[in-house]
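Below is one structure, written out as structure tokens, with a few remarks after it.
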Amino acid sequence: MGSVQLVTTILAAAITALAVWLAVQAVLRIVAVVRLGQPDPGRFGDPVTRTRTMLAETAGHTRMLRWSVVGAAHWFVMVAFVVLSLLVLEAYFEVVSPTGGLPLIGGWTVYGLVTELIAIFGVVGIVVLIAIRIRNRPSRPGGRSRFTGSTMWQGYFVEAVVLAVLIMGFLIRGFKVATDHFEYPTWATPVSHAVGALLPNWEAGVSVAALIKIMISMTWLIVIALNVTMGVAWHRFLAFFNIFFKRDPGRAGSGLGALRPMTSNGKPLDFEEADPESDQFGVAQVEQFTWKGLLDFSTCTECGRCQSQCPAWNTGKPLSPKLLVLSLRDHAYAKAPYLLAGGGKDLTGEEKATAAQLAHVDVLALAEAEKPLIGGAEEGGVIDPDVLWSCTTCGACVEQCPVDIEHVDHIVDMRRYQVLIESSFPSEAGVMLRNLENKGNPWGAPQNTREDWTKGLDFEVPRVGEAEDFEYLFWVGCAGAFEDRAKKTTRAVATLLHEAGVSFAILGEGETCTGDPARRIGNEFVFQMLAQQNVETLNEAFDGREKSKRKIVATCPHCFNTLGNEYGQLGGEFEVVHHTQLLAHLVATGKLTPVQPVDGGVTYHDPCYLGRHNRVFAPPREVLGSAASEGITEMPRNSERSFCCGAGGARMWMEEKIGKRINVDRVEEAMSTGAKTIAVGCPFCSTMLNDGVNGKGAGEQVEVVDVASVLLRSVRPEQNRDGQQAEPVAG
Ligand code: SF4
Ligand code: SF4
């Protein structure tokens, strides 16, 4: 070993020892913080599916590739990071000897070729990512960036390190070429040979370049070890675990659809026995999230994909799902020293730790612990109430997140505490909750008017119990029964089912709200009350039938979601379809035949709880495609990337006081297609978009109408717009 190699070896060993020691401390700290969370036993089942999904999402970049250029660039960088770790390892042999290399595979042409190619694509990929970050930097003139609120220096630092390490790899190989110590042929390593042609024949160059590469890599490790909240770097390790432990790993759109049940100490809460003094009601302290929640917060890469799709953020509300996650992460890590010392409040609000336990806790951690989780700026709150209540639970954030963070569950968990314990929520929603409790529907309409929509139809609508047999139970929903526009959809669906010869029956006055708005606002108690009643009614209606024959068709995607995805949590197992799915099937099988094309252009707005939450994208389009003369003109934001109407998450029952109205934003997009018909598949979307169209004074030019009504006009051109005969049948 020459004197240069002696120095490079000592320096490489010293910085590596320091970096590894700090990294181990950092990993222990992250694990300790995540372990502060509540139990979540459901995260360990079906390890085979979990492993398969994790590998598909990481190796295949199935989520990120939807953003094709970014996804492809990131894929190459990820592969480069994993494979070229071998080259960092190789550098340790090269600091010792300029002819050093990896044992066994070093010198193998295939290894030389593969690493060369990956390094070339890695350089291209990281340059693309840097260019994208610079182009979308928050400080650029005009527009909001998805990186707004991200810690930009960390992103640039990580990207610069990756680029520098890749370049140093070529320099090491170049010096080997220049000193004639390189084993690989030119055809397999063309860039390395080209670099070598430019370098001097300096024997020590290999070891010096290898030392620089190690120092850059270890500096990166030291920096991230000292910044455990640096998600842009830590996600490289944490993302595997976060994806592995996501809920419903086998389901497309996991983290969407059903909400997680309310749990205390890892067990679903039973309201008949629950006690607020011993059971946790929602989340009031950051450590009351489950450990998976804390892992979610730790894993956020700060990429801002969620933010760029969020309807609240895009219309000037204070909510950004990314900033919400970052606030919770920073708060959790800042509060952690206090919690790890034994601190924390019990469920009655009493401090658990003794003064001696807290004596050595940093004052900043003690101050952080005093912050309310939900509170305005004046109280030093971590999450502002306006942030919490701006969410429509549309799921765009969950859909977009490349590391499967479950934002909606966390938001609703925080709402649950605010509603159930603090009674603190937008006051206008109180009327809706009272109506649900007292009348079983959010409008407070009398129960005996639930069947009024059947008046004027030219056929009898049978009730369960009266009908001899029925294939589908037609779940009308509160909007479908009480809201004038939605009643037209209900009539249209009933007419089409009747026309197609589908046997169906309704519950009539036996139906109550599914509880969706109560659950999404956080009132799990009212949800459970309504849901248990409905499950009982439905189980009775389907008595003796196996699950595949317990078929329900619903026109409201919120009912569809709750009945199909959430009632199972309470013992109600049903086969639920949305009316657009059933209608598409009836058209495809020739039971319904559109005869008159609908003119003037049609665009389709995907309801969040039908599309993103339940992956029903094609059937409504198939129905419209069969009925519209020109097919569908898609809006720029459609299908998985559809933009919310603003009504979900019980926002239908709250005033929208901040920023631009979400429904107006969506209507402008719909109208930009030039279509005269905006088709919807949800009564709430219908209301919101109708309001938006009317607010723009375009009610005469553009019509918002349900997919079923569009089909009915094509199947029965003589039908008027109310889904009734042009000449109503008398008596
Ligand atoms: S669910 Fe929708 S509104 Fe709520 S934070 Fe996510 S993207 Fe924003
Ligand atoms: S999409 Fe996911 S990883 Fe990216 S900023 Fe949002 S929460 Fe973080």
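Quick reminder: no glycine exception, Cβ is built from N, Cα and C everywhere.
TrEMBL does not curate its annotations; it predicts them automatically.
The shown structure was predicted, so the numbers you read here are calculated from the model rather than taken from an experiment.
According to TrEMBL, the features are:
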DOMAIN    291-321  domain '4Fe-4S ferredoxin-type'
DOMAIN    379-411  domain '4Fe-4S ferredoxin-type'
TRANSMEM  6-28  transmembrane segment
TRANSMEM  64-88  transmembrane segment
TRANSMEM  108-132  transmembrane segment
TRANSMEM  153-172  transmembrane segment
TRANSMEM  192-212  transmembrane segment
TRANSMEM  219-245  transmembrane segment
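In this chain, the transmembrane segment (6-28) does not touch the transmembrane segment (64-88); fewer than three CB pairs sit within less than 8 A of each other, excluding pairs fewer than 6 residues apart. Using a Cβ-Cβ cut-off under 8 Å and counting only residues 6 or more beyond its ends in the same chain, the transmembrane segment (153-172) has close neighbours at 77, 80-81, 84, 87-88, 91, 94, 115, 119, 122-123, 126-127, 129-130, 133, 147, 191-192, 195, 199, 205-206, 209-210, 212-213, 216-217, 219-220, 223, 227, 230, 232-233, 302. When pLDDT values are averaged over the domain '4Fe-4S ferredoxin-type' (379-411), the model yields 96. When the domain '4Fe-4S ferredoxin-type' (379-411) is classified with DSSP, helix, strand and coil residues number 16 helix, 1 strand, 16 coil.
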